[in-house]
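For reference, TrEMBL has these:
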type	residues	note
TRANSMEM	B:12-35	transmembrane segment
TRANSMEM	B:42-61	transmembrane segment
TRANSMEM	B:67-86	transmembrane segment
TRANSMEM	B:98-117	transmembrane segment
TRANSMEM	B:145-162	transmembrane segment
TRANSMEM	B:190-212	transmembrane segment
TRANSMEM	B:267-286	transmembrane segment
TRANSMEM	B:335-354	transmembrane segment
TRANSMEM	B:361-382	transmembrane segment
TRANSMEM	B:508-527	transmembrane segment
TRANSMEM	B:547-567	transmembrane segment
TRANSMEM	B:579-599	transmembrane segment
Ligand SMILES: Nc1ncnc2c1ncn2[C@@H]1O[C@H](COP(=O)(O)OP(=O)(O)O)[C@@H](O)[C@H]1O
Ligand SMILES: [Mg+2]
């Protein structure tokens, strides 16, 4: 079976800094795969290259067997990749429902339409998606006043709007309370399982990772040092060296992302 | 050959003042990220203060002393401006800062008029440098040679200051990373004040040093600011060597332009700018950067909804009332309302791109005047029927917007603002200088509507239909999917791109639409006045529109209409006052600092407080 995502030798330099170096991996259909690593390991940079926010210095990205390297984000999105960001970027001046409607308007290619009222367009569809993430009650609240966890759930609903085959989630639970984290990831896992979506996510809460990821990859200083099941990764001596050597890593990272 | 050399030398001499002013602007921008529109006013003050001091201080020492003292004095004035006007708005969106500095321009204009009077003043000649030197047989003023000798030292001095001194290191650190300065344990506000002093002093020096060549008059502020913007944009914002290279380039170009293509000197400058920007969007020595990253600070805009039945009934009632005005109102009232409606439509088109799109256009008048000129040219040269010429006004302006937008949309924030302004100046200078076709300063006259619209009342109804129609169409677009997409690009370009929205394409389209509607207003304007002059394309017309949108309320949908109606009505009695600029300037500054929500925003908040308007859930 062709993998949903195939990454080959993905590399990115920032000046002299080697942020990501020859990273290769696959994501299989329906798979939930975690990309972990200490702060500054290059996870977000990887995601930015996969989604087209930055161009790789070298390497290839294939989506369902087709090359997407160097395409702009909007093009990659059209081909079925959804993304949530480490720092959420929802539209502050719109309501919750309108945020989802906006993605639907884009999905249905009505962006240049000037006749209908936007707030009425695809309202039902948007409500259905909000229902999936449990945000239907808040549909008409201004996005600017949402609690952080709700914003993350909204982002998930937006990412589902164009029926993606692959979801990229960069630190979906950063800044949330532990219980909220588990709940959000459980919700995500249920949704993607039902819809057959593959997920690649970064996460620094190991409980979340081990509870939900089918496979785990470890990135350290831009290099992939492990790729396997939870058990394999746990017993990998290299990973232990990186992680167990610094038990404080997680705590440090959390404060830096808060 | 001799003539060429002489011209080159004149160009180099002219570059001195331009470089001084531009480097000051660049320096201030680099550190504070504020584009000081009042920089030209500081230059003007430098000239006036310089003349006064030169009259008091005798001899060569007095002359050069006066120049230095003028610089210091203007530097101190800059400090006052920084502390009183800009400190309160450093964290506000760029537009607020730009508008605040525009208020300063108005205040300085009237203060200068009060102190020095309206007469143009001739600058004294430099003692000991009054004659000319013959170079290859051509006369070259000694003072020009002195300027050419001095300028590199000023550049070196600045370079030394920036690269070798502790202050300079701080300035550079601040230019590259503003957060870092705080980390270095430096009081940021005093660094800003210091930089403002230096930048203003440079502008003052520039004004004083050009006195023997130019003199002082009340139009200096606007005439230099456009040129300085070109220099700074071409050289690269924040780069002092860039400002130097560009100042020399532009000055030399101007001198040769005057000699060989006298009809198009101004145009030439803007063409060079356009070419440079096509190749290097951030200027010759500028670095790419994401401008406007602090453009959305403050309360986010609120979700919008089309007006409910109360709102609609009110608007209908207002339209009905206006439709009845010819029955009981005088011709004068009708003419006044025609003016108001045209201005409202123009302001709404700006509001669309500025508020909904988050694109601060500083040259929007180019589409207003552009539309008017398209119609006027068609009527003048092709005897085009009024109906057709009128219909082609928005089309022509739209096409112009497609062209200008292609350049400008690639940039954002203040870069976008400066570029739109420079392009509007390009068109203005084209119209101004291409006298055979456009009539130049004399404008185009006898552009009257068709017979069936020739009566005031008939044209009144025509304007009512077109003006209100245009405003309502624009408003509808704000609520349409396209309007939402535009707001999406403003709220978060990253999110928009990551959900299939081509941000630049949406912005370009919006820019074009806004241009076309401004052109519609221009079409209405030219047939109501029967004439059109280059003024309607000028910076000050663009600023008028910005000011009313701002006064009305940037973060609202109706701000443009309300601000324009308010202003156009107030203008009538305001301009009767002798120092109305001073008053208006102070009002603008006060609004920026005290009531940044504008009329509509403040009224809405007041309504919420006393319970007439339903309160939104409180913001985080
Ligand atoms: N735009 C950029 N310019 C320069 N360096 C960058 C840029 N983005 C990221 N980096 C650097 O690349 C490295 C990886 O960063 P990032 O991908 O954000 O790590 P992670 O998401 O794993 O915490 C870091 O050292 C970071 O400083
Ligand atoms: Mg990251």
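For all residues, glycine too, the Cβ spot is worked out from N, Cα and C.
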Positions whose Cβ lies under 8 angstroms from the transmembrane segment (B:42-61), at least six residues beyond its ends: 17, 21, 24, 36, 67, 69-71, 73-74, 77-78, 108, 112, 115-116, 121, 123-124, 126-128, 200, 203-211, 214-216, 218, 220-221, 224, 228
Criterion met for the transmembrane segment (B:508-527) and the transmembrane segment (B:547-567) (at least three Cβ pairs under 8 Å): no
Top partner of the transmembrane segment (B:579-599) among B:12-35, B:98-117, B:267-286 - counted as Cβ pairs under 8 Å: B:98-117
Two-stretch contact, the transmembrane segment (B:190-212) and the transmembrane segment (B:361-382), at least three Cβ pairs under 8 Å: no
Cβ-Cβ under 8 Å with the transmembrane segment (B:335-354): same-chain residues at least 6 beyond its ends: 95, 322, 325, 329, 360-361, 364, 367-368, 456, 459-460, 463-464, 466-468, 470-471, 474-475, 477-478, 510-511, 513-515, 517-518, 520-522, 524-525, 528, 544-546, 548-549, 552, 554, 557, 559-561, 563-565, 567-569, 572
Two-stretch contact, the transmembrane segment (B:145-162) and the transmembrane segment (B:12-35), at least three Cβ pairs under 8 Å: yes
Beyond the flanks of the transmembrane segment (B:547-567) by at least 6 residues, Cβ under 8 Å: 93, 95-96, 99, 102, 299, 301-302, 304, 340, 343-344, 346-352, 354-356, 471, 475, 478, 588, 591-592, 597-602, 604
